[in-house]
């Protein structure tokens with residue numbers, strides 16, 4: 001399924017047709033893309049938080065996370081991506097319950113996995129976590145993912161375009177709510193597990209590195 005990723009950016013319609021055919025023959029074929037692709041944002045978050053440092057909103061001072069706290073945050077990000085796809089697979093099945101051929105939850109998860117590809121690749125911005133870059137990337141990847149939702153749904157689910165527009169809008173609304181709830185759940189879980197005072201300034205980090 002990795003071979004379809006470039007096609008989503010230069011030949012989306014033809015790529016969605018190929019994705020449809022491949023999922024028909026191998027319903028679980030999307031799992032490597034989901035499980036490995038979700039490592040991209042997790043590893044980028046770890047690097048940005050523990051090594052590159054963040055300039056947090058409301059502060060110009062560069063901050064870092066300890067390696068243990070950054071690792072837990074990376075795990076939370078990976079779990080959030082996977083959980084979101086699983087939930088959306090069932091939500092897509094629920095939204096499309098009136099369609100002639102109601103998709104299975106597994107088929108919905110495959111569709112959600114490819115919709116999440118722009119978010120996976122957009123997470124590369126976390127390697128250089130500047131505020132202006134984050135604010136630029138988030139709407140770009142969100143808009144591109146929504147574009148693929150409206151373009152890919154009628155092809156992948158074999159629906160008429162008139163009906164697909166309505167279903168895509170419903171999926172978009174459910175998807176936004178799911179992303180928000182899942183993201184907040186794992187963020188609060190990380191904050192509850194991560195020790196307090198984990199953020200360090202540059203000087204604090206230098207002292208820690210120099211100390212025996």
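The backbone N, Cα and C atoms fix where each Cβ goes, glycine too.
Whatever TrEMBL says is automated annotation, not expert-curated.
What TrEMBL records for 7-180 is domain 'Yip1'. Marked as transmembrane segment by TrEMBL: 33-57, 69-92, 104-126, 132-153, 165-187.
Only residues 6 or more beyond the boundaries of the transmembrane segment (132-153), in the same chain, are considered here, and those with a CB under 8 A from a CB of the stretch are 8, 12-13, 16, 19, 111, 114-119, 121-122, 125-126, 159, 164-165, 167-168, 171-172, 175.
Between the transmembrane segment (69-92) and the stretches 33-57, 104-126, 165-187, Cβ pairs under 8 Å are most numerous for 33-57. When averaged over the domain 'Yip1' (7-180), pLDDT in the model lands at 91. Listed as Cβ neighbours of the transmembrane segment (33-57) (distance under 8 Å, sequence separation of 6 or more from its ends, same chain) are residues 1-2, 5, 63-67, 69-71, 73-75, 77-78, 81-82, 85, 109, 113-114, 116-117, 119-121, 123-131, 199, 202.
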